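Structure record follows, encoded as structure tokens.
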Amino acid sequence: MKAVVSLNSGSSSIKFALYGLDAQGSPSLSAGGKIEGIGIAPHLVARTVDGETIFDRNWPDGANLTHADLLKELFDWALGHLDGYEVVAIGHRVVHGGTQFAAPRLIDEALLDALDALCPLAPLHQPHNLAAIRAIRTLQPDLPQVACFDTAFHHDKPLLASRLAIPRALHDQGIRRYGFHGLSYEYIARRLRDIDPALAGGRIIAAHLGNGASLCAMRGGRSVDTTMGFTALDGLMMGTRCGSIDPGVVLHLQTQMGMSAAEVEQLLYKQSGLLGVSGISSDMRALAASDAPEVEEAISLFTWRAAREAGALTASLGGLDGLVFTAGIGENNADVRSRICRRLEWLGLEIDGLANAGHGPVISLPDSRVKILVIPTDEERMIALHSLTIMEKRT
Ligand code: ADP
């Protein structure tokens with residue numbers, strides 16, 4: 001059976017998924033898994049679509065194992081255990097496509113060079129994405145690989161939603177608002193067309209609330225504005241990231257408090273957000289189990305900030321027809337959804353308490369002027385679909 005693999009390679013983890021192709025060439029998930037703890041004590045686990053564990057390995061002293069080493073382990077295992085599958089392409093999530101790449105691309109050396117040049121725009125993510133691509137080029141030089149960009153969905157948003165109020169020359173050098181989580185939003189736009197085509201043609205805010213969190217304003221399934229900007233640090237409060245912050249704070253930390261740029265980066269990316277405000281955890285599940293007042297304040301701030309940004313995006317859209325929740329928190333935390341929606345009642349959102357406790361997709365009351373939905377995201381599937389489209393164009 002022909003198959004496509006999706007890879008999402010981050011700083012300390014690699015997520016992977018294998019999709020078998022049916023006679024019509026549609027992908028269906030066969031297996032998937034994760035390598036976590038890269039650089040410390042890696043753990044690789046792979047499961048079938050039915051949840052059966054098919055590979056589970058720990059490297060307790062694996063601090064020296066790179067992404068490339070671990071991908072080789074995965075490949076070696078897969079070659080021996082996945083007979084019956086012929087992998088025709090590997091698709092990758094690549095965080096930054098810059099101003100140049102508005103759609104997925106087949107990877108070659110020239111593209112890799114162009115993507116290398118974008119590393120300064122996403123120094124914490126892009127090098128890991130490219131390392132995985134290069135590792136596979138070494139292992140399987142003839143296997144087609146496809147780059148799917150997190151920025152691409154936002155590429156054609158209006159200029160005003162891209163421009164920062166800084167000197168024009170800097171915009172021309174690429175210092176502008178890009179937006180991220182594009183593969184997730186693209187998937188949500190597609191699913192919404194299946195679930196409620198009329199609504200999909202309207203003014204929608206999609207709320208991707210996971211460890212990273214952002215909102216995307218879509219009109220007719222296309223991005224017109226989003227809360228993340230130049231980097232994935234902007235916008236909403238997140239698990240460990242601060243979201244929008246007065247840039248004066250950054251200057252103050254450096255000029256008055258003597259922090260280095262690296263220390264400020266660590267503070268804003270890793271020690272802020274839910275973790276920083278609660279002082280307990282970045283994980284919403286852990287926070288939900290605590291009754292500390294700092295935790296209540298952290299969750300309140302998270303939901304208030306999300307509602308506030310949704311108000312701003314409603315202005316970008318000129319009104320609102322639907323709000324869609326997705327990702328770990330958005331899909332699973334009814335309390336967070338309810339708190340955000342209650343703050344947006346003035347906009348015509350009426351959440352149905354019973355439906356919100358269930359499985360969706362619609363969780364608003366029948367008379368709610370703005371429809372509210374929960375739609376599970378699937379970035380890996382979007383990568384597989386893009387990879388197949390690129391392969392079809394090739395033949
Ligand atoms: P990312 O892909 O950005 O790493 P996820 O989309 O997996 O993040 O979201 C992680 C967040 O979702 C965490 O705060 C976690 O607590 C929360 N989450 C995940 N699953 C659940 C669940 N079943 N119930 C409540 N919260 C959940």
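Glycine residues also receive a Cβ, built from the backbone N, Cα and C atoms like all the rest.
For Asn8, Glu379, the entry in TrEMBL reads Mg(2+) binding site. Cβ contacts within 10 Å of Glu379 (Mg(2+) binding site), excluding its own Cβ and spanning all protein chains shown: 23.
DSSP classifies Lys15 (ATP binding site) as strand under the three-state reduction. TrEMBL lists Lys15, His208, Leu209, Gly210, Asn211, Gly212, Asp283, Met284, Arg285, Gly328, Ile329, Gly330, Glu331, Asn332 with the feature ATP binding site.
Per TrEMBL, the feature substrate binding site maps to Arg93. Arg93 (substrate binding site) falls within a strand when secondary structure is assigned with DSSP. Non-local contacts of Arg93 (substrate binding site) by the CB criterion (under 8 A, 6+ apart in sequence, same chain) comprise Ser6, Leu7, Asn8, Ser9, Asn129, Cys148, Asp150, Leu183, Glu379, Ile383.
Asp150 (active site, proton donor/acceptor) carries neither a helix nor a strand DSSP state and counts as coil. The annotation active site, proton donor/acceptor is assigned in TrEMBL to Asp150.
Taking all protein chains in view, 29 other C-beta atoms sit within 10 angstroms of the C-beta of His181 (site 'Transition state stabilizer'). As annotated by TrEMBL, site 'Transition state stabilizer' applies to His181 (among others).
Long-range C-beta contacts of Arg241 (site 'Transition state stabilizer'), restricted to its own chain and to partners at least six residues apart, with a cutoff below 8 Å, comprise Gly212, Ala232, Leu233, Leu268, Tyr269, Lys270, Ser272, Gly273. According to TrEMBL, the site 'Transition state stabilizer' annotation covers Arg241 (among others).
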Recorded ATP binding residues, Lys15, His208, Leu209, Gly210, Asn211, Gly212, Asp283, Met284, Arg285, Gly328, Ile329, Gly330, Glu331, Asn332 - maximal Cα separation rounded to whole Å: 21
Listed recorded positions (Asp150, Asp283, Glu331), ranked by Cβ neighbours within 10 Å, top entry: Asp150
Lys15 (ATP binding site) CB neighbourhood, other CB atoms within 10 A: 17
Asn8, Asn211 as binding-site residues, winner by CB count within 10 A: Asn8
Spatial neighbours, same chain, of Arg285 (ATP binding site) - Cβ under 8 Å, 6+ residues apart: none
Rounded distance in angstrom between the Cα atoms of His181 (site 'Transition state stabilizer') and Leu209 (ATP binding site): 10
